[in-house]
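According to Swiss-Prot:
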type	residues	note
REGION	1-36	region 'Disordered'
COMPBIAS	1-12	compositional bias 'Polar residues'
BINDING	165-172, 190-194, 212-215, 280-283, 322-324	GTP binding site
BINDING	Ser172, Thr192	Mg(2+) binding site
Amino acid sequence: MFVDSASFSVSSGKGGPGCASFRREKHVPLGGPDGGDGGNGGDVYFIVDNNTHTLANYKGKRAMKAANGVPGLPRNMTGKKGDNLELIVPPGTAVYDADSNELLLDLISEGQKELFLSGGKGGLGNVHFKTSVNQAPTKAQPGLPGETRNIRLELKLIADVGLVGFPNVGKSTLISSISNAKPQIANYEFTTLTPKLGLVEVDEFSGFIMADIPGIIEGASDGKGLGIQFLKHIERTKVLLYMIDLANYRSLKEQFETLKSEVLKFSPNLAKRDFAIALTRLDAAVDADEKIEEFLNEFKFDKKQDIYEYDRQKPFFVLPISSVAGDGLKELKFGLLEILKGEN
């Protein structure tokens, strides 16, 4: 479980001012007041959408505001209501008061729509102030102000795909290449110190959440390194992507068996999760084709399985990739999406 969050202020719109005007037409030289009311300010709504997966759209925002109401018009015409501000969020989003930490809304269900802040009421036009004593009032009301609140959105996310690999195998490079996550990347172990989530957009209508966790080392299940702290974060992912380094001095077989062993010791259920294998750093590998062929033969793995005849004891695919050169990344995204759709 990961927490995505964003903090900013939201405001409803101010009401439009009423109009002070008088009826002026041919043959009506002394017409009475006809100023219309101002339009109400726009409201603020939260809307839950299953096709939204993260709070990325709200990162970096400082303030969001609904539109103000339009001023009233002559001829008793009411100004237009200000456009509403609709905040689209994924299911599972909680809205907190950023100042008091009070839970304000718990947004769970697809299509759920909640009014959060009401717009200010529009001011009255001068037509309302005509009396027997004052037949030509020039008074009109200003609109009432909108409401403002400092909020914090929190989303507890379960990633669809969890990356499993040794430190420095290229997990951070991969997730930064194919998703909207921008983790720290450097050529040393444990660059990733906290889990990172990224939304991978496969096409206009499809995507999934990928999680990058600190690298697993041999003995991680016994508490060595940083991996044990974060293996729990991928316990609820739907698919595991094992990342094995083609340019490493250790054989592909040794790397894979060690990773599998650590995951198995940590959680037998996690080890049974649907999985695929990415053979990384293709651009830096020597004799890559021979290594890949040997690896496939040793385990009797296919390069890619048929989703309708999927043997879950084996990887759905074994794909060489280079995050730096971009090789295999499109196939990787579509392959992972295919497994996830098969799960659903």
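Residue numbers in this text run from 1 along the chain shown.
The backbone N, Cα and C atoms fix where each Cβ goes, and this holds for glycine too.
Mapped onto this structure are the features recorded in Swiss-Prot.
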| residue | record | Cβ neighbours (10 Å) |
| --- | --- | --- |
| Gly165 | GTP binding site | 23 |
| Asn168 | GTP binding site | 19 |
| Lys171 | GTP binding site | 29 |
| Ser172 | Mg(2+) binding site | 23 |
| Arg281 | GTP binding site | 23 |
| Ser322 | GTP binding site | 22 |
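Rounded to a whole value, the Cα-Cα separation of Ser172 (Mg(2+) binding site) and Gly165 (GTP binding site) is 11 Å. The residues of the region 'Disordered' (1-36), classed with DSSP into helix (H, G, I), strand (E, B) and coil, number 0 helix, 14 strand, 22 coil. In the three-state DSSP reading, Ser172 (Mg(2+) binding site) counts as helix. Annotation note: Arg281 (GTP binding site) sits in a coil segment as assigned by DSSP.
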